[in-house]
Amino acid sequence: MGARCSKFSFCLFPSHFKSASVLESPDIENGGKVWPTFKEFKLEQLKSATGGFSSDNIVSEHGEKAPNVVYRGRLDDGRLIAVKRFNRLAWADHRQFLDEAKAVGSLRSDRLANLIGCCFEGEERLLVAEFMPHETLAKHLFHWENNPMKWAMRLRVALCLAQALEYCSNKGRALYHDLNAYRVLFDKDGNPRLSCFGLMKNSRDGKSYSTNLAFTPPEYLRTGRVTPESVVFSFGTVLLDLMSGKHIPPSHALDLIRGKNCAMLMDSALEGHFSNEDGTELVRLATRCLQYEARERPNVKSLVTSLVTLQKESDVASYVLMGIPHETEAEEESPLSLTPFGDACLRVDLTAIQEILSKIGYKDDEGIANELSFQMWTNQMQESLNSKKQGDLAFRSKDFTTAVDCYTQFIDGGTMVSPTVHARRCLSYLMNDNAQEALTDALQAQVVSPDWPTALYLQAACLFKLGMEADAQQALKDGTTLEAKKSNKR
């Protein structure tokens, strides 16, 4: 759940929802925080949100080769989402899938990347969760670029993970499938969250562990069943990751511990940054979790109690410990190098946007509109073209109400697809103070033409109008990145 992009979607809510707004529910356990209610998404919504399940939006390990792929996306209200798409052999019975998803979707905690919805249409089975923008624990431990994760942050990760498991256990969801460093994510504030995806199997009768068998609980190898004690064993392997900065097989780690070679187990990058007492206690906890006999392992409640006493620098924000930019810091970054169109969208200069769109015409539609038009020249197609021409005349003469009507007739005709028409109707909606409809068109322009920076810049203008400045800035940044990629290919 990681790489940056700006993929939004259209929320076409089914009739049984009260309105197109996000339904929310308070959570007393989390300080009365308001959470989005679990919902069923349409497949078309999730296609739009992920750019048609574009490979550019894959954020899961092993990319497209994984049996179940996770995509980054964005809903039309600006929220980032993670979408897990199961392979077509998983969850043949959609009712079982829905029941399981609803059960997991009822959980709400600051320690989880919460499940906010699902989708089942035909053979498709998808889960939708909150998106965590700052990568996985595996990335920060095993593939760090600038600085290793600090000791205090590693202890915080261990505690938050234990608290997440305790919360799930208290809610009747004690089983977690394939717990590992890739399941621990970091939110916008750098706080660790446990992915909700592991609370469901990869299929109704599928495997609960996909990692190397060397990291699998011994009882699972014997019985094929996951128990709460199996989860504690896997938690112990994550403790090893945190201590060593490497993915060490439990058997090897235990050999080092029994041989009193604990120093060889610890990450050399942490030398001098923790006390012997703290290191010894964490090794002790890991050893207890990794006991061969399941009954000899601690429960998650006792793990939380032990880890609370080890915490350091508790008053320091996670994003500071992680060394990652925060929202307030992001505002101070160097300004983007914008094209004239991008700059006009930054300033929400609608007149300038209209002039540039009029000037570039339909050159960006090359290879799109005709390629998607399979019908012969019929009366219906001629009517659509006439509607587009009338819309263009109204657009140039700044009669934006007429432009919206004519472009709508062209789009509804369905005989041709044009990102430029969506861009022009987007601007026409903005001129008529209808930013939400404008954003929908900007999103659709990107769905039709995923590599078109203009769509991203227009999304930024719409988001600025809607008061969503942080998301608008991100859309500008993504548009600039896409513009640079296109320039490099020329």
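Any Cβ shown, glycine's included, is placed from N, Cα and C.
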Candidate set S234, S373, annotation phosphoserine, source Swiss-Prot, matching residue: S373
Position flagged as phosphoserine [Swiss-Prot], chosen from S25, S418: S25
V70 (ATP binding site) to D178 (active site, proton acceptor) - Cα separation in whole Å: 16
Rounded to the nearest Å - Cα separation of N68 (ATP binding site) and D178 (active site, proton acceptor): 14
Cβ neighbours of D178 (active site, proton acceptor) where a neighbour is any other Cβ within 10 Å: 19
